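One structure is given here, and the rest of the page talks about it.
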């Protein structure tokens, strides 16, 4: 029998494994690290590639041109000569005449600027053509993570239905750690591209398994909405501190430093997962989940997924293009390139936590509709900024609006599965993550090409108008009908019940249609 001192940690672990709050902490930390790594590269990659490729190439050319020819290295005979112009003695070659020396001395003095007024230097980077091409390359680098995640997500959703959420969650941690270390020591575009793609695989495992795990332990719709708001707060906090943290560390410490800090935090998250989640334990779902293709044929799930995609596509287009636009038009230093995203991150953190609760009261469909319209208006205002202070308002509004959409749509996805399909959540959150990734894949990859073709302001106009035009579709989520076989289950288990089954509460976020209520009463 183990001594009492050994029983205390075991009891703590047993209580932790049964605690829903600790599961929420694990998912919060996983999303935090994933999104810190997602955004920490935003201010680093454009300036790093510019420094290593453009300036490095120009410096090597300048060095080669400044090297003297071999014939110039032969020393001719020298003689000294006194100059009455400035009372100094100078050494001249034997072949030079006094007149030539006087002319050279006078011309050299005239060509030198006064010491009191040094030549003015501009902070704006040179190489307009290189920066235009870099828009496309940086966009593809950022999009590689989402493209890989897009491909892997359906497989992860299927895997979670077979073996549970614990093992995929731990696999995601391992891959994320490798990707972070690779970012720290990559010095070329190719290695950075591979590290970003690896991050996409790890992010797919972490996000799908994490959100599915939350939906499975928080079965009450109101509690699930609050839990999703807290988990998305981890995502928001990662976005919040990622870009400013990366820009400041890169400017004052070095490129590898922010990634090494993230690698250390990832190790702590792995230790937490080992203690709480038991990643060696296989826990398949007791019931067979609805196939992905069946869920994709549900128009209500498609509307919700589209809202996630287009709202996040705006900030995805900003990530590769805004720093380069600031370098060209505002001559911004390195630290400002990350700080420009700070208002969006702070407001996103506020929005996800605030509307995780409020959206349930005002109607998640209405919250999403207003959020998408606000996303479009904020994007239209971004090109009007003349300096970094002019970006505070548009970026702040953008982050707050995306927080409204995300905190509403994530619970809606779980609720739609409860209402219309089997209550197994791996596949539906794989679809939600696919929608999120499509925004971050299409946004950067096409944004760089559009900026090169028609300019940054027109890019903002296109994506802003697209969000405003999509917003009215959220109205269809106001009253989605339930499947007939789910009505009896919902009448007993769902905390938000319809008027035909209860007299205590007549309000719910997504009440059944009048037709479906009549059908349910006829079947009794």
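Backbone N, Cα and C define each Cβ position, glycine as well.
TrEMBL: automatically predicted annotations, no manual curation.
Note that the coordinates shown come from a computational prediction; the quantities given were computed from them, not determined experimentally.
Per TrEMBL, compositional bias 'Low complexity' is recorded for 108-124.
The domain 'Major facilitator superfamily (MFS) profile' annotation in TrEMBL covers 23-482.
Annotation source TrEMBL lists region 'Disordered' at 103-126.
TrEMBL lists 21-45 (among others) with the feature transmembrane segment.
Through the fold, the transmembrane segment (171-195) approaches residues 30, 33-34, 37, 41, 45, 49, 52-53, 137, 140-141, 144, 201-207, 209, 255-256, 259-260, 262-263, 266-267, 269-270, 273 of its own chain, all at least 6 residues removed from its boundaries and within a Cβ separation under 8 Å. Here TrEMBL flags 171-195 (among others) as transmembrane segment.
Residues of the same chain lying 6 or more positions beyond the ends of the transmembrane segment (201-218) and with a Cβ under 8 Å from any Cβ of it are 20, 23-24, 26-27, 30-31, 34, 38, 145, 148-149, 152-153, 156-157, 160, 165-166, 168-169, 171-176, 178-179, 224, 227-228, 231, 410, 414, 425-426, 429-430, 432-433. Per TrEMBL, the feature transmembrane segment maps to 201-218 (among others).
Positions annotated as transmembrane segment by TrEMBL: 230-253 (among others).
The transmembrane segment feature in TrEMBL is assigned to 259-279 (among others).
The feature transmembrane segment is assigned by TrEMBL to 300-318 (among others). Taking Cβ pairs closer than 8 Å, the transmembrane segment (300-318) reaches residues 142, 146, 341, 344, 368, 371-372, 375-376, 378-379, 382, 398-399, 401-402, 405-406, 409, 412-413, 416, 420, 428, 431-432, 434-436, 438-440, 442-444, 446-447, 459-460, 463-464, 466-467, 470, 473-474, 476-477, 480 in its own chain, all 6 or more past its ends.
The feature transmembrane segment is assigned by TrEMBL to 338-358 (among others).
Panel annotation: around the transmembrane segment (365-385), residues 307, 310-311, 314, 318, 322, 355, 358-359, 391, 393-395, 397-398, 400-405, 407-409, 412, 456-457, 460-461, 463-468, 470-472, 474-478, 509-510 of the same chain, lying at least six beyond its termini, place a Cβ under 8 Å from a Cβ of the stretch. The annotation transmembrane segment is assigned in TrEMBL to 365-385 (among others).
Among the features that TrEMBL reports, transmembrane segment is placed at 397-417 (among others).
Under the heading transmembrane segment, TrEMBL lists 424-443 (among others).
Sequence-distant contacts of the transmembrane segment (455-477) (same chain, at least 6 residues past either end, Cβ-Cβ under 8 Å): 299-300, 303-304, 306-307, 310-311, 313-314, 317, 321-322, 325, 364-366, 368-370, 372-373, 375-380, 382-383, 412, 443, 447, 510. As annotated by TrEMBL, transmembrane segment applies to 455-477 (among others).
Highlighted: of the candidate stretches 21-45, 230-253, 338-358, 424-443, 21-45 has the greatest count of Cβ pairs under 8 Å to the transmembrane segment (259-279). 230-253 is the stretch from 21-45, 230-253, 397-417, 424-443 with the greatest number of Cβ pairs below 8 Å to the transmembrane segment (338-358). In this model, the domain 'Major facilitator superfamily (MFS) profile' (23-482) carries an average pLDDT of 78.
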